[in-house]
Amino acid sequence: MSPRSCLRSLRLLVFAVFSAAASNWLYLAKLSSVGSISEEETCEKLKGLIQRQVQMCKRNLEVMDSVRHGAQLAIEECQYQFRNRRWNCSTLDSLPVFGKVVTQGTREAAFVYAISSAGVAFAVTRACSSGDLEKCGCDRTVHGVSPQGFQWSGCSDNIAYGVAFSQSFVDVRERSKGASSSRALMNLHNNEAGRKAILTHMRVECKCHGVSGSCEVKTCWRAVPPFRQVGHALKEKFDGATEVEPRRVGSSRALVPRNAQFKPHTDEDLVYLEPSPDFCEQDMRSGVLGTRGRTCNKTSKAIDGCELLCCGRGFHTAHVELAERCGCRFHWCCFVKCRQCQRLVEMHTCR
């Protein structure tokens, strides 16, 4: 192997290690709880954290269970959004939790980084509003009377604190060594796009006060959207993600569309550096599990249909008996009694 080839291989290895380590903190989702953390030494034992995240853990012990919850939210939402796709956001019990898929600069990695940073921002924000954290509470900057005439009151979600903590904790790996590399730029951009998906969908919730249900006085507060809405928004961004490449702009490096005919991406869009594999066949070297054995929809022409999901390999059909409740009746007072029925259904799985 030539010296140039050796150098290129070394760079690819460093790139893979860097990219994997950046998302290893998601392993916190595998823990049942980190709420029992009471000593700083425990932070050293949390699997998947880099040293600067360990230091943040020691300074913010009470927040770490919210970080764990945010990681769980991210994984669950990813699996929901991609449940009918060839890549269905499967996780492993090892590092990184999404396998080697996230070490590549693909659309899938872009979504994982975006939904993960959003998960932490969301969970920490909700913990603030619930009074679970001493360092933060409701957003007291929202007060007075709005231009629409209602009174700002109640507990507005402190999204500023949640976003700031997500930036400090999630972005720390990219903002250290190699922060100007193309993959670091991609990760940082998608992390921020995830947080903006919450910010742009913040809601105003209100309550009426008055005699007999009238609305003489209306008090309102700002609230984060349901996380499912954040997931839907980021899935749309995934479908319209922009392929980019690094380019020097002035004295710094930036990501620009690879195709000059495409419009420049915004801060809310997802970006990726390389095309995705087709995810059809198992390839453990690249972290692809394949679609063999996956359940498919025989009548669908979309990606969840047997033709596309099974990549043209065909599918098996089996008749399966399912047990379900039927003939339910309400009995006074107060319970519902049902019979157990068997139903025969057709199941289709990819060859």
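The backbone N, Cα and C atoms fix where each Cβ goes, and this holds for glycine too.
Taken straight from Swiss-Prot:
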- 1-22: signal peptide (SIGNAL)
- C78-C89: disulfide bond (DISULFID)
- N88: N-linked glycosylation site (CARBOHYD)
- C128-C136: disulfide bond (DISULFID)
- C138-C155: disulfide bond (DISULFID)
- C206-C220: disulfide bond (DISULFID)
- C208-C215: disulfide bond (DISULFID)
- S212: O-palmitoleoyl serine (LIPID)
- C280-C311: disulfide bond (DISULFID)
- C296-C306: disulfide bond (DISULFID)
- N297: N-linked glycosylation site (CARBOHYD)
- C310-C350: disulfide bond (DISULFID)
- C326-C341: disulfide bond (DISULFID)
- C328-C338: disulfide bond (DISULFID)
- C333-C334: disulfide bond (DISULFID)
Exercise. What's the CA to CA span in angstrom from C208 (disulfide bond) over to C220 (disulfide bond)?
Worked result: 9
Seminar exercise, completed: According to DSSP, C333 (disulfide bond) sits in coil
Exercise. At the Cα level, what's the spacing in Å between C341 (disulfide bond) and C350 (disulfide bond), rounded?
Worked result: 28
Problem set entry | Neighbour tally for C333 (disulfide bond), based on other Cβ positions within 10 Å of its Cβ | 5
Problem set entry | C89 (disulfide bond) versus disulfide-bonded residues C136, C138, C280, C310, C328 - nearest by Cα | C280
Problem set entry | C310 (disulfide bond) as reference: those disulfide-bonded residues from C136, C215, C280, C296, C333 with C-alpha within 10 Å of it | C280, C296
Exercise. Given the disulfide-bonded residues C155, C328, C350, which one's Cα is the least distant from that of C220 (disulfide bond)?
Worked result: C155
Exercise. Relative to the Cα of C326 (disulfide bond), which of the recorded positions C206, N297, C333, C334, C338 has the closest Cα?
Worked result: C338
Seminar exercise, completed: For C310 (disulfide bond), the three-state DSSP class is coil
Seminar exercise, completed: Near C138 (disulfide bond) (Cα-Cα within 10 Å), the recorded positions in question, chosen from C78, C128, S212, C333, C338, are C128
For this session: Sorry to bug you, but what's the C-alpha spacing from N88 (N-linked glycosylation site) to N297 (N-linked glycosylation site), rounded to the closest Å?
Result: 15
Seminar exercise, completed: Spatial neighbours of C311 (disulfide bond) among the recorded positions N88, C136, S212, C350, using Cα within 10 Å, are C350
Seminar exercise, completed: C136 (disulfide bond) sits from C155 (disulfide bond) (Cα to Cα, rounded, in Å) at a distance of 12
